[in-house]
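Chemist: Sharing a structure with you now.
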């Protein structure tokens, strides 16, 4: 009986996968038909995080290369894709092949797109971010297609575009040569040209990158991404509207509701839940904070030293960070005891309430969950209340205050302006990476996604600078030793396809256990200088329920112009 059921499930999955293969016969695809396949929660989550990692990678590369040519942008993206081991998307960016590996990559691409639609349809801000990133991914894949691949794509989706015949091309050959500055006459003769209405490629017309005659623009396959891209963008926007209508039905299942709400803030990098060794003494924190702490952690540390107090979310954020860099629980208890009792916290209250919360952070009390330190996305999205200093300074400080803080930390006015410029555009992690480069006087080869990653990279960078005369072998050994020193335990969620992990505090139920948050909130009421009691807000993402009004508001789609197709040529 068991074997019969298993055979039935295998046959069902085979038929679903076979149907999916017919839906996506090309590496570049329109996501037209929602897939009907059986996925476990684990598969669902892995596919979502893999695509999220890819979309974030695209965002970072695009922010760093806003004015470079398409080819330079493409090379930068592919270098990062290979570095991160995202084999699915590396495969899809190599043109249109029909081998088994390409078919498997198409399947992951197709399924993950529809999964993220549910996660990103719920607000205008999320929709805008998702559409922009998906268009960058489309640009990456379409840019790898040959002329034959483009023809196949048009045939698959029955798009009524035909290349010019040799006679038609000969009649306007001089004009085509003049309009394609990077084509020789021989190359022009062997290149397909398509006639499209000029309104479909307004940006090419504006930049004079195509021949225009009687309202018809003549373009090459490499520029065809603008035409197909507009259709692709509209399909994604329409698809998000449809997913928004389906969202209340899907979120009846609390497992999906929690997963979908947490995806955007999920961490997709190395796991820093706990350090292998407790090798950082608290006496060194003042010195370490000046160079090896990301701005968010340096801001929290400086505030604690100046005021001898932090509100509960700040204490949680900083304690988890200290745990992950290698501060032992005993040292953490001593550090917080000495600091808080210098302020307004009596020793009895500390031992009764605050010490419990610290032990809970280390997984030694309550449900004994080994809480993960806050990733950049979690730091950025955690709400900030009055008098609180946690969160991302690049997001929460106005431009003048941020520049003042940066210059106070030793940055020149020019460097401070550049860092603040990225922050003003909403590129908070890019700003953090630039801050790292200025402080360490080095070029950063990867984006900053986690305060503990910042700390680890800082230590490795300084270790390399301290030993400039070492040979390559010795330097490599030193880097390996330093990496082992700060390295965190491997994450059980790592996958073969990217080595990426999820933020276990978000996706694996740690945030479902509200015990620590409830303890902190119920036992602590912050009293300001005049004795007024201030209720400390708990992070809304942990327990917020969607009201009928909110659901209705979420369904009000604003018809903004998502003009994501201004490709840099």
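Including glycine, each Cβ sits where the backbone N, Cα and C put it.
TrEMBL feature annotations, pasted as is:
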- 296, 376, 392, 432: [4Fe-4S] cluster binding site (BINDING)
- 481-508: compositional bias 'Polar residues' (COMPBIAS)
- 556-569: compositional bias 'Acidic residues' (COMPBIAS)
- 286-455: domain 'DNA primase large subunit C-terminal' (DOMAIN)
- 464-509: region 'Disordered' (REGION)
- 542-569: region 'Disordered' (REGION)
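Map the listed features onto the structure and describe their local environment.
Modeler: In sequence order, 294, 295, 376, 394, 448, 454 are the residues of the chain that are 6 or more apart from residue 432 ([4Fe-4S] cluster binding site) and have a CB within less than 8 Å of its CB.
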Chemist: Can you list the residues of the same chain, besides 296, 376, 392, 432, whose Cβ falls within 8 Å of the [4Fe-4S] cluster site's Cβ centroid?
Modeler: 294, 295, 379, 380, 393, 394, 395, 428, 429, 448, 451
Chemist: Restricting to the domain 'DNA primase large subunit C-terminal' (286-455), what is the model's mean pLDDT?
Modeler: 90
Chemist: Can you name the residues of this chain that are 6 or more positions from residue 296 ([4Fe-4S] cluster binding site) yet have a C-beta less than 8 Å from its C-beta?
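Modeler: Non-local contacts for residue 296 ([4Fe-4S] cluster binding site): 379, 390, 391, 392, 393, 451.
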